[in-house]
């Protein structure tokens, strides 16, 4: 109802099926994702990936680089995902944003809804040290709805028409009351209203890819509320995508 349109009426949308990753080797899995996304993007399509843990984002951004170069990242998440490593491993669901930035896949970033626990104080500092714009959950929840809308509108307005935008939406950005079915829930999160407004503010931007990740059906409520929420967010992302030119 919000859009007064059906994205299926003005875009060709295909389900390309699952990517057959190697469940025993994360590094190989990232490479498999990269190759598949590079193929999809090379055909002029805009990938919308459904995960899966947040490592998906790293492989997807690598796959987009040849076609689109570095991107402006809109990252909605309870966690920064900028750890240098997790228990000695460089590629995990806690490191994708850092790895992608180090690889030159991200030119600028907005991180929205952060609030999760970290291992070190520096986990929070790294993003701001790189020049990322960070909007933590506690700041958002202390704003009026009007002020939040204004802030997000300003953020979207700062993104130029020439910038390639990638949206990464970790379902745990929402409070567990709305999204219990995820692996690392954190209380004090955003509501669907907040997330929907961020997505809708991106209408008209040059979105080259997106993902909705960290939906975990085994942890979901009996009514599948997390899966339903994730599906709605994915639909909203389709509504703001437009055909790429050039």
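Residue numbering: from 1, along the chain as shown.
Cβ coordinates come from backbone N, Cα and C, glycine included.
All annotation found in TrEMBL is predicted automatically rather than curated by experts.
Taken residue by residue with DSSP, residue 81 (Mn(2+) binding site) is part of neither helix nor strand, so it is coil. Sequence annotations record features per position, and here TrEMBL assigns Mn(2+) binding site to 54, 77, 79, 81, 170, 172.
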Residues close to Mn(2+) site centre defined by 54, 77, 79, 81, 170, 172, Cβ within 8 Å: 75, 78, 80, 93, 116, 173, 184, 213, 214
All-chain count of other Cβ atoms within 10 Å of residue 54 (Mn(2+) binding site): 25
